[in-house]
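Structure first, then comments.
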């Protein structure tokens with residue numbers, strides 16, 4: 001949880017400094033409110049992702065949150081907002097769902113599968129809220145909606161971290177020892193990931209100006225593919241058959257989604 005908090009703080013510091021320089025007109029209160037709601041989704045997603053992983057349910061919580069985080073925005077934008085993706089985009093979105101599951105699933109788990117599914121589903125709602133709310137900001141708002149979102153995300157994660165009784169990992173477990181400060185290197189890396197995540201959200205916000213929200217969110221939700229590709233390229237990792245199949249499907253999904 002402290003790693004998640006450090007990441008959100010890093011994103012907040014950089015976006016707050018960059019927002020006045022990023023162009024755009026003065027944001028309206030509605031822009032800031034949509035950004036704040038998006039940040040609440042980010043905070044909830046981070047809390048429940050880390051909760052699931054701390055319980056040893058990484059092999060369940062990550063694929064469930066990834067698939068749900070893709071499916072929910074597409075469902076909301078097409079059913080409630082009237083968006084109509086092209087046939088090519090629908091084909092890509094359909095391929096992306098199994099691709100995400102295959103790429104992000106690991107071989108083993110030591111936790112209760114049902115608990116991992118619950119955490120993953122809640123995280124997926126947070127991810128969907130993050131994308132759907134941010135897309136409602138006006139085109140001239142610049143980076144400010146992302147900045148207000150980082151404020152809310154910090155508050156949500158900090159509140160959850162300070163109130164562990166609300167999200168117990170093991171009800172019967174003994175009271176944990178006081179947490180030690182994070183090593184400086186870990187804090188710096190967490191802050192860097194938060195900066196990159198905030199930059200990614202800004203790129204997503206720009207994408208929604210020229211593309212359907214369903215399409216932009218579907219492409220954004222393919223982020224679990226990135227660490228796998230990094231591992232293959234720089235760490236010489238060898239993917240299993242499941243991950244390899246997921247990568248092929250993900251690349252095909254991207255190609256189909258971006259077809260005009």
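A Cβ is built for glycine as well, from the same backbone N, Cα and C atoms used for every other residue.
TrEMBL annotations: computationally assigned, not manually curated.
Counting residues 6+ beyond its ends, the transmembrane segment (34-53) has Cβ neighbours under 8 Å at 1, 3-4, 7-8, 27, 60-62, 65, 69, 111, 115-116, 119-120, 122-134, 136-137, 141, 144-157, 160, 167, 169, 201 in the same chain. Taken from TrEMBL, the feature transmembrane segment covers 34-53 (among others).
Taken from TrEMBL, the feature transmembrane segment applies to 60-81 (among others). Through the fold, the transmembrane segment (60-81) approaches residues 45, 48-49, 52-53, 93, 96-97, 100-101, 104-106, 109, 111, 113, 116-117, 119-121, 123-125, 127-128, 131-132, 212-214, 217-218, 221-224 of its own chain, all at least 6 residues removed from its boundaries and within a Cβ separation under 8 Å.
The annotation transmembrane segment is assigned in TrEMBL to 87-103 (among others).
The transmembrane segment annotation in TrEMBL covers 153-170 (among others).
TrEMBL lists 154-258 with the feature domain 'EamA'. Per-residue confidence over the domain 'EamA' (154-258) averages 83 (mean pLDDT, predicted model).
The annotation transmembrane segment is assigned in TrEMBL to 182-207 (among others). Here the transmembrane segment (182-207) has Cβ contacts under 8 Å with residues 2-4, 6-15, 22, 38, 130-131, 134-135, 137, 143, 145-146, 149-150, 216-217, 219-220, 223 of the same chain, all six or more residues outside its ends.
Non-local neighbours of the transmembrane segment (213-235) in the same chain are 62-63, 66, 69-70, 73-74, 77-78, 81, 83, 85, 89, 92-93, 96, 99-100, 103-104, 127-128, 131-132, 135, 200, 204, 207, 243, 246-247, 250, 253-254, 257-258; each lies 6+ residues outside the stretch with a CB under 8 Å from one of its CB atoms. Positions annotated as transmembrane segment by TrEMBL: 213-235 (among others).
Summarising the annotation, TrEMBL assigns transmembrane segment to 242-259 (among others). Listed by sequence, the residues of this chain that lie at least six past the ends of the transmembrane segment (242-259) yet keep a Cβ under 8 A from its Cβ atoms are 86, 88-89, 91-93, 95-96, 98-105, 215, 218-219, 222, 225, 228-229.
For the domain 'EamA' (154-258), DSSP puts the residue distribution at 71 helix, 0 strand, 34 coil.
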